[in-house]
Structure formats: C-alpha cells, structure tokens
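Note sheet for the following structure.
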C-alpha cells in the first residue's frame, strides 16, 4: 500500500492512515466480502442493543427512587451521551490506525503490553458478565417455570437450577456462540429486543393495577386508589448517601464497547459515520426503553420499589399472567445476551495466544467450548457471583467504557493538546477514573 502524506506511523507492517474520510469504507471491498454482504444496519442495531441491555434494567427504577425523576433523567442522559462519545473516540481511532479491534488499538497506543492489557480486561469483564447472567438463569429460571406449573410435586429435574443451567448452556448458548460471525446473532438479538419492549409495555400497563398507597399483602388488588398522601408523591430530586449506591447501576447501563468493533467489522459497507449511526440509534432506543420502564416502575411503587423491580410485582400480583410471562422474557433476553458476549471474549483469547496463526475452525470450536465450560462452572460453584464480579466488573467496565477510549485517544490523536477532541478525551479519562474509584469503594463498603 502506498503511504499517503497523512500517514502517522507504521507498526508490525500496518500502515496507519490519518487522512481517511469518515464516510470512507474502512475494510476493503474484496470479492469475498461483496459475496457475503455483511450485516445489515438493522441487525447491527439489534446486536448492539442486546449488548447494552441486560438484567441491569431491573435496577433502574430503584436508581430513580434514590435520585429523583429529574436527577435520574439528567444522569441517565449524561451516561448515554458519554457512551456515544467514547464509541466515537474508538471509531475515530480505528480510522486513524486502520485497525478494527480494541486489542490492536492498545497495541498501537502502548505496544504489546497495551494489547495484552486490553485483551485481559475484555476477557475478565466478559467472563464475569456471562457467569453473572448464567447465575441469574440458575437462580431465577426454576421459579419462573414453577409459576407455570403450580401443581408440581417434589423436586423434578426441570425445577433444578443446575440442571436447567447446563441444558440451556449446551442447547442454546453453545450453538449460538459457535457461529462464525456475530452478525448471525441479529435474529436472536431482535428477539431479545422485543422481550425488552414487552417488559416496558407490561410495566406501563401494571401501573394502573397496583394502588397507591400499597395495600396489605393479603389484600386483593382490583382498583386504583387516588395517590393523595405524601408517600404517593414522586420526588423530582433526591440526593443522599443511598443515591451513591445507585450510581454504578446507571454508570454501566450503556456498556457495549467490547462488541462495537466486532459489529463494525461485519457491517455492510462499514464506515465510521455508518457505525456511529448504529451506535446512536442503539443507545437512543435503549435509553427510551430504560427510561419508560424505570419511570413507570417508580411511579408504581415510589419509595417502596425494590432493587430488583419484578420482586414488587411478584408480591402484589403473584398470579398475574403478564408478570409471570415478563419474568420469563427477561430471563430469555439475558440468556440470549450470553452468546453475543462470547464473541469478544473469544476474540480476546485469540488475539493474546493465536494472533500469528491463520483461522482454524477446530481452534474456534475448542476456545468456545473451554469458555463455555468455565462460565458454567463459575455460575454453578461460586456462591455469591454478583458480589465477586461486582468488584472486578466495576474496574474492568470503567476501563472499557471510559478510561481506555480516553487514554488511547490522548496517545494516538493527532490534534493539539488544547483541541476539543483531546480535551474531551482527557475529561473522559479523568471521569472514568473517578467513577471507577467511586464504584469500587461503594461495592467494598456494601460487602463489608
């Protein structure tokens, strides 16, 4: 390839171009690529949203209760904008360096140590997330199934959490994770998206089925009482010590950065502007679903909202068909997120240990199988999965969402230090360090 006047350096034989236009396709339009077609814009959005939204949606109503409606709205909007901005920095660095992986950005910024650091961070974060999701499946799926089978006697195998975990891992997670391209998961990601939409719709509907003030638990809910006392008045702002514990839930609500570049690579006619539009649409739709479900969940229970939203509905509407089905839908949505997270985790392993070898289906299958076994064993045998990986996740998530994009751009960006881009990257870096330190401190305090 001929070096242009705007090339900035070369590393390991890669030409680094700083003069590309944002609408220029990053990947060459080879005959093989033209025949495969790439992933459509819609499927790319669904995949990104599936990476964004998980079980964390159940904790946002609690976060609103602890920060107030306007406080929550401002914080969630800021987090969404910061997530979009950090994705913008990642895509801009891909344009500058002509590489398409998070690990290689670390390589260009800080050499092999940077590549290993990014790969280890991605692997730890994704293994922790997948194990936590499977732990939720093991803990909650038996109760969800039992709600459809109230007459079950004894302890049948289909109500055993470990058995269900192994079955779902072998029959659902593993086959989907073995797919050669992340774009193929667009179908399951679209299904997961509709599960989340269904969840938000049910939360809105059930606002008018539970009266305020909340009745005694032995009271049959049949009508709406006027919320004319203080406990039924929503708070616009509410910042206290408890508010701080809600911030980590919100800070990581839009974490999808390990999946952004794999989705980018498979996008049909990939360019920075097109992938940025994918990210903007995905984040905007996720914000909308987050906000609607959080708002109506809070307006249903007010200060009595649980840290896991569906617990309140299970108490006051224990036999409601919509609540039973929505719990199952959330579990299925969480389950369908696991294969999507498999892709960047497997890629991190490949980049660390097999980057100099050509692609091999046997290696692809073996690495996927080993990762699947590890996360299943962690979900089965680690008794308090969410607490263990809460500490690790708060650090790795902060790095991937805020610290690395800001730090790498400070190193790789061609602008002056006083430029808006460099200033924004520095701000993102400092903010990420503060959020990570705050989240880690709060989690340790909560465990103590």
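Backbone N, Cα and C atoms are what each Cβ position is placed from, and that goes for glycine too.
As recorded in Swiss-Prot, the features of this protein are as follows:
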type	residues	note
COMPBIAS	1-12	compositional bias 'Polar residues'
COMPBIAS	26-36	compositional bias 'Polar residues'
TRANSMEM	40-60	transmembrane segment
TRANSMEM	69-89	transmembrane segment
TRANSMEM	117-137	transmembrane segment
TRANSMEM	164-184	transmembrane segment
TRANSMEM	185-205	transmembrane segment
DISULFID	212-232	disulfide bond
CARBOHYD	218	N-linked glycosylation site
CARBOHYD	228	N-linked glycosylation site
TRANSMEM	244-264	transmembrane segment
TRANSMEM	281-301	transmembrane segment
TRANSMEM	321-341	transmembrane segment
TRANSMEM	365-385	transmembrane segment
TRANSMEM	388-408	transmembrane segment
TRANSMEM	425-445	transmembrane segment
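In three-state terms derived from DSSP, residue 212 (disulfide bond) belongs to neither a helical nor a strand segment and is classed as coil.
Panel annotation: around the transmembrane segment (281-301), residues 45, 48-49, 52-53, 57, 60-61, 63-65, 69, 72-73, 76-77, 80, 83-84, 193, 196-197, 199-200, 203-204, 206-207, 210, 212, 214, 234, 253-254, 256, 309, 312 of the same chain, lying at least six beyond its termini, place a Cβ under 8 Å from a Cβ of the stretch. Secondary structure at residue 232 (disulfide bond), taken from DSSP and collapsed to helix, strand or coil, is helix. Long-range contacts of the transmembrane segment (365-385) within the same chain: residues 127, 130-132, 134-135, 137-138, 162, 165-166, 169, 173-174, 177-178, 338, 342, 345-346, 349-350, each at least 6 residues beyond the stretch ends and with a Cβ under 8 Å from a Cβ of the stretch. Listed stretches 40-60, 117-137, 321-341 were compared with the transmembrane segment (164-184); the greatest number of C-beta pairs under 8 angstroms is found for 321-341. Taking every recorded stretch in 69-89, 244-264, 425-445 and counting its Cβ pairs under 8 Å to the transmembrane segment (40-60), the highest total belongs to 244-264. The highest tally of CB pairs under 8 A with the transmembrane segment (321-341), across 117-137, 185-205, 425-445, is held by 185-205. Take the CB of residue 232 (disulfide bond) and look out to 10 A: across all protein chains shown you find 16 other CB atoms. Below 8 angstroms of C-beta separation, residues 82, 85-86, 89, 244-245, 247-248, 251, 387, 390-391, 394-395, 398-399, 401-403, 405-407, 409-410, 413 of the same chain, each at least six residues beyond the ends of the transmembrane segment (425-445), sit close to that stretch. If one looks beyond the transmembrane segment (117-137) by at least 6 residues along the same chain, the residues whose Cβ comes under 8 Å of a Cβ in the stretch are 54-55, 102-103, 105-106, 110, 161, 164-165, 168-169, 173, 258, 331, 334-335, 337-338, 341-342, 344-345, 347-349, 351-352, 371, 374-376, 378-379, 382, 385-386, 389, 392-393, 396-397, 399-400, 404.
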